[in-house]
Amino acid sequence: MLQNLWRFLSSFLPGATCQGPADGKDDEARNTTPLPGPGEKGPKVLGKPQDRGTDPNERRPTILLVVGPAEHFPKKIVKAGDKDLDGQLDFEEFVHYLQDHEKKLRLVFKSLDKKNDGRIDAQEIVQSLRDLGVKISEQQAEKILKSMDKNGTMTIDWNEWRDYHLLHPVENIPEIILYWKHSTIFDVGENLTVPDEFTVEERQTGMWWRHLVAGGGAGAVSRTCTAPLDRLKVLMQVHASRSNNMCIIGGFTQMIREGGTRSLWRGNGINVLKIAPESAIKFMAYEQIKRFIGTDQEMLRIHERLLAGSLAGAIAQSSIYPMEVLKTRMALRKTGQYSGMLDCAKNILSKEGMAAFYKGYIPNMLGIIPYAGIDLAVYETLKNAWLQRYAVNSADPGVFVLLACGTISSTCGQLASYPLALVRTRMQAQASVEGAPEVTMRGLFKHILKTEGAFGLYRGLAPNFMKVIPAVSISYVVYENLKMTLGVQSR
């Protein structure tokens with residue numbers, strides 16, 4: 001391994017030297033890099049000095065890395081490995097980079113090695129890229145092989161693969177990322193998730209809209225199945241207090257007694273209808289924001305995904321926000337209050353004006369960043385932890401790991417943004433009464449903390465968390481089945 005590493009360092013770093021066993025050339029090797037002159041920035045000398053307690057006549061093999069200014073190093077390697085952001089790559093940072101990058105390369109090699117024979121041939125490259133939505137000919141695959149094949153066998157073993165790629169950092173390995181795509185799968189009824197990314201081939205062939213349709217259908221089924229819990233959450237957010245301590249069983253009993261079993265699904269119709277326009281607007285906005293960022297990466301880095309996803313979510317939410325208000329009012333309505341969604345909209349417009357359709361808009365926008373940020377950060381952390389510990393022979397985590405990571409990350413995101421969601425729902429539920437002051441977001445926070453304490457900001461949290469696991473599970477199952485129906489090949 002060290003010999004192979006040294007060959008790479010020699011090709012990239014003219015100032016790197018290796019001190020080996022006594023051969024009469026140690027002094028010469030040590031002095032290949034000149035000392036800095038006055039005012040010059042000297043090279044960074046890194047290595048493991050010889051133990052002074054040993055016999056001076058005993059010469060032990062030692063690796064001595066002399067790493068000069070960052071411009072002598074490939075910029076991508078410095079950027080990928082420079083943990084302390086000092087523009088230099090010290091020994092520990094370089095070792096950590098090599099270990100992390102080699103593990104990623106091993107995962108990709110295993111995913112490409114379809115025959116599990118320890119070698120990659122042209123047919124396996126063609127098949128692997130086809131699975132990712134990219135079509136190439138066998139002749140093109142052979143050209144890829146020739147660039148890495150050292151012994152002329154037209155196959156690549158692990159050593160050849162590693163030697164070629166080790167000092168070429170790949171920030172987003174598509175084969176790994178595509179296995180872990182989750183935002184169109186895990187629909188828990190919240191609208192703040194970061195959109196999915198699609199390959200160039202998927203966008204050119206129109207395969208992206210099939211993914212969106214499958215994700216929308218999965219979300220519709222999932223939301224319908226968990227609608228009773230969602231309505232109970234809204235009722236508890238608006239009506240529960242210290243004097244009216246609504247519990248889960250009592251809340252369901254109250255809903256059924258007031259409007260029958262069908263009342264458990266009030267507000268679900270508009271909740272399902274808004275999936276399509278929101279998903280389409282979010283996807284288009286996300287693609288435009290990616291172009292505006294100007295990245296040359298097909299897959300965005302984490303902070304870029306968070307920025308683009310949050311902005312796309314804000315644009316989509318702004319476009320369909322009146323439907324959010326309608327959903328809350330329909331969920332809170334009493335039997336016979338409205339004949340349907342249009343009647344509810346007309347009633348709000350005539351009595352409260354157009355501004356009523358944007359009540360709670362500010363806390364809703366403020367809730368996007370903590371929800372999407374924490375959801376994405378927790379998901380990436382769990383994913384990387386799993387890859388580091390358990391991903392030995394495959395980058396495919398399996399259904400259970402995907403569901404577990406999606407459930408935990410979504411739960412953490414909701415927990416962080418829940419007070420803002422509760423204030424938003426209460427503001428949406430406000431009906432103008434003549435002479436009554438308009439309650440602001442700040443006023444509502446103060447009122448809740450004063451009358452109910454910090455616990456009041458988490459009313460309805462129990463049914464909200466109860467729906468996460470069934471929502472994620474149902475979404476995944478329906479999504480996979482709809483993909484097969486629409487002819488989308490699973491990754």
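The backbone N, Cα and C atoms fix where each Cβ goes, and this holds for glycine too.
Per TrEMBL, compositional bias 'Basic and acidic residues' is recorded for 49-60. Taken from TrEMBL, the feature domain 'EF-hand' applies to 100-135, 136-171. Annotation source TrEMBL lists region 'Disordered' at 17-60. Summarising the annotation, TrEMBL assigns repeat 'Solcar' to 206-292, 300-385, 397-485. Look at TrEMBL and you will find 1-18 tagged as signal peptide.
Sorting each residue of the repeat 'Solcar' (206-292) by its DSSP state yields 73 helix, 0 strand, 14 coil. In terms of DSSP helix, strand and coil, the repeat 'Solcar' (397-485) has 72 helix, 0 strand, 17 coil. Looking at the domain 'EF-hand' (136-171) alone, the prediction's average pLDDT is 75. DSSP assignment over the domain 'EF-hand' (100-135) gives 23 helix, 2 strand, 11 coil.
With DSSP classes pooled into helix, strand and coil, the tally for the domain 'EF-hand' (136-171) is 19 helix, 2 strand, 15 coil. Counting residue by residue with DSSP, the repeat 'Solcar' (300-385) contains 72 helix, 0 strand, 14 coil.
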